[in-house]
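A.B. asks: This structure is in C-alpha cells; I'll ask about it shortly.
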Amino acid sequence: MMQPVINAPEIATAREQQLFNGKNFHVFIYNKTESISGLHQHDYYEFTLVLTGRYFQEINGKRVLLERGDFVFIPLGSHHQSFYEFGATRILNVGISKRFFEQHYLPLLPYCFVASQVYRTNNAFLTYVETVISSLNFRETGLEEFVEMVTFYVINRLRHYREEQVIDDVPQWLKSTVEKMHDKEQFSESALENMVALSAKSQEYLTRATQRYYGKTPMQIINEIRINFAKKQLEMTNYSVTDIAFEAGYSSPSLFIKTFKKLTSFTPKSYRKKLTEFNQ
C-alpha cells in the first residue's frame, strides 16, 4: 500500500528584483525584537552582523547564537529565520546582488563552508563599522564603497576561517558563567563577585580561564556586557546618561563615560546624537 506523500511547507523566497532597485546592495540597520519574515531563502547573497544585543538564527535547520561582533553569511540555496529571545537587537543586514557578488567576490569564497557557521569580527574592525555607520550619510555615494569593503572583510573571514588554529573548546562551566552574567542582576552590582560565585572557582582560576578561552579578563567581559546594555538603553530609551550609568552597574557617570568611549570611540551623549541623526 502506498504511503501518502507529506509535502514540506513551502519556504518563502525574498527576491532581488523586489528589493534592490537595480543596485548592487540592499542595506538596512534594524532594531529588532521579532522576526517579520519568518523562514525564508533568497535569490541573492546576504550577511548579518550584530552591532548590539544577541539573538538566535536558525540556518538550514541548525540554531546558532549570535552576539555583538558576530556575523553569518547566507549563500544561495540556504534558508534561515531569526528568533529574538533576549530583547532588542541591532543588526547590520547586507544583501548582495547575485551578479555583483559572482563577478567580484565568488572567486574568493571557500570551495566548501557551512552556512550555519558563526564568525567573529575583531574589535578594531567592529569599532570602525560602528564609527562609519554613526557618521556616514547613507544617502551619499560613500555607502557603496563602505559596504563593498565590509563585504570583502566578511568573505576574507570565511576564506581564512579554516586556516585558523583550532583552540580548545570553552568549558561548559565557563560558557554557563558568561551566559548568566548577561542577566542585569548579575552585572549591575558586585559584578566581579557575582561572576566568581557563578563559576564556583577562585578568582585567580576564573581569570586564567577567561584569558585562555576569551583573551579577556573577567572585568573586560563584564564591561563589554555593561556597555552593550548601555548602548541598548541609549538606542531604545530617553533615560539620562547618569541613570543609564547606574543601571549598568557603574559607581559614577565619569567612569561609565570613560569606559563607554574606550569600547566604542564615542561618548554616550555623542553616540545617542549620531543615532538620532542617522534615523532622521
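Including glycine, each Cβ sits where the backbone N, Cα and C put it.
Features from Swiss-Prot:
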- 29-81: domain 'Cupin type-2' (DOMAIN)
- 168-274: domain 'HTH araC/xylS-type' (DOMAIN)
- 193-214: DNA-binding region (DNA_BIND)
- 241-264: DNA-binding region (DNA_BIND)
A.B. asks: List the helix, strand and coil residue totals of the domain 'HTH araC/xylS-type' (168-274) as derived from DSSP.
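C.D. replies: Result for the domain 'HTH araC/xylS-type' (168-274), in helix, strand, coil order: 78 helix, 0 strand, 29 coil.
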A.B. asks: When secondary structure is assigned with DSSP, how many helix, strand and coil residues does the domain 'Cupin type-2' (29-81) contain?
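C.D. replies: The domain 'Cupin type-2' (29-81) comes out at 0 helix, 35 strand, 18 coil.
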A.B. asks: Tell me, roughly as an integer, the mean pLDDT over the DNA-binding region (193-214).
C.D. replies: 94
